[in-house]
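Here is what Swiss-Prot records for this protein:
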| type | residues | note |
| --- | --- | --- |
| REPEAT | 54-84 | repeat 'WD 1' |
| REPEAT | 96-126 | repeat 'WD 2' |
| REPEAT | 142-171 | repeat 'WD 3' |
| REPEAT | 183-213 | repeat 'WD 4' |
| REPEAT | 225-255 | repeat 'WD 5' |
| REPEAT | 269-299 | repeat 'WD 6' |
| REPEAT | 311-341 | repeat 'WD 7' |
């Protein structure tokens, strides 16, 4: 039995190497060569424009609304807060049944927010009730591991990723799981939906990223290259590429059409993992959130670092760029959110 397993293991390694070689052969140029004539970005200096105070404990997650004004944040204090980023006012403060929350999401319509975590449940809250109060409109149980990330497709469907090594698509109206996306061999830590919401990418503790089709539930592509857990993943604004952040202290850029990694963002001085990533609206800048409390700003084309967002007194746990590209928000264990531009 063990001999058979070893033979199969060797065979899979050989096949993986063949795929690697085939991909290499198809790569006719490198990102550095292709961008050699492009001007460098120059130093990026962002200032804190707003500080959102109201949480009483560590902030674990945040997500911008599609109006680029409101945002939602989730904290260990057991509250989900919807903020007006212009005025810094709290629009809603929603008490949660479980304070062990790891992710939150704002629906594209602005009608709903969602959250989940160690309770293994994705809870959906309606912000537009007739009575004016916010209430749980649906709880989606079904994952057998913690909920690591959730993102709305529309008002009636949401995609979740979980520590049970799967992702799922849910029908919010019925509360049923309509599709299960299986194939990762480690906890799925993060997901990102494409701009047209037809596909999503996931990053997992098996050090691979996968591209899934929302409509047929199939894994279309698998991307390897990282040497440790992938903690964060985000689509490039045009939907043809995505970036990942990993415990191997690198961010990487994968091109979907080239079917391979085309860029790596690392520095000898950076030895800690990355836990969230986000692109600027143009896609020229990549923001990475590191375990040493810092946020580095990378020039995507030149693969060089061009600035740091420093201003929190504790670990930065989450970051997000507005849809219109006008601002970046960071959330921290110091209980504050900061908005930069």
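Glycine too: its Cβ is placed from the backbone N, Cα and C atoms.
Sequence-distant contacts of the repeat 'WD 5' (225-255) (same chain, six or more residues past either end, CB-CB distance under 8 Å): 31, 186-187, 189-196, 201-205, 207-209, 261-266, 270-279, 281-283, 286, 288-289, 298, 300. Counting same-chain residues at least six beyond the ends of the repeat 'WD 7' (311-341), those with a Cβ under 8 angstroms from any Cβ of the stretch are 46-53, 55-64, 66-68, 71, 73, 75, 77, 83, 85, 275-276, 278-282, 287, 289, 291, 293-295. Across the repeat 'WD 3' (142-171), the model assigns an average pLDDT of 98. Counting only same-chain residues 6+ beyond the ends of the repeat 'WD 6' (269-299), those with a CB under 8 A from a CB of the stretch are 40-41, 44, 46, 228-229, 231-238, 243-251, 253, 305-310, 312, 314-321, 323-325, 328, 330.
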